[in-house]
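The block underneath contains the structure these notes are about, expressed in structure tokens.
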Amino acid sequence: MIILPLLLSSLYLFVLHPHHGSSAIAATHYNSNTSSSTSTSITTKHHHTTHKYNNNQSRSKVVSHIDTSIMAVGQEEENEDGQLVYTTSAADQAAVAALQKQLAKSNADAAAAGAAAGAGADADADAGAGADAGTSTSAEGGAPPDWTPVPSVQIAPGQHKYVLISATEPYPSGTNQRCYTQFFVTSKDGAHYHMNAAEPYVELLQERGYRDVNVTGGGRIYFNVEEKSINIFGFSYGFGLADHAISKEVVEKDERYKDYDVTWSNDGY
């Protein structure tokens, strides 16, 4: 009497829901494939990134030699040639913020040291030490014989990201023997982000004793050696828009590029 109802219940499930078990298996198989595909796309260094378009079509581009930890949080765009252009990432933004914080601290420390030195010089002048109160340095404050100034322009052939940096000379120069503020234009081959172009030059300036170092903005430089042309354009997500007119002036003053056609524009990225 007990067995008969159980048999009837089993027959009912089999007749009315013949695919119940297979549906569960299919769903499990699909989820497994999805999980595997996602895991592969974020762990391999050679993967495909799919770009969506308004017409609901899609296409894939191969991204090679890319740090996937950056790709996971970063952004990329395509230029006119269909090449991937790296814009920014969480890691890039954090690095820019850290550099700006470090520069602010070092600049503040240098200003405090300069103020203390100036106060000491004024005290010597008041004591009749023979120092002129209007003179910022003496002949002994000149650059040492082995010191080499940092070039105002260091750009790589081709199209690369660049930054415009301002810094004050560590030693007096010119007829007035004063420390002047200069601008520096640098682009770097292989720089995915503007931070990659800025950091090496900032470190070089600081190593040579320059003060008040600041990255004022960025963009791109297309340096065509064969056509003797230099085009300055675009902006930086991390450092903002550089004053390309100043960058143009700095490049034109460099003797190496006196025969080049130098142009600039705020268009593009």
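Positions of Cβ are set from backbone N, Cα and C atoms, glycine also.
Whatever TrEMBL says is automated annotation, not expert-curated.
Database features, via TrEMBL:
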| type | residues | note |
| --- | --- | --- |
| ACT_SITE | His194 | active site, proton acceptor |
| BINDING | Lys161 | substrate binding site |
| COMPBIAS | 121-134 | compositional bias 'Low complexity' |
| REGION | 37-57 | region 'Disordered' |
| REGION | 121-151 | region 'Disordered' |
| SIGNAL | 1-21 | signal peptide |
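Note on Lys161 (substrate binding site): other Cβ atoms within 10 Å of its Cβ, all shown chains, come to 28. Residue pair His194 (active site, proton acceptor) / the residue listed as 'substrate binding site' shows a Cα separation of 6 Å.
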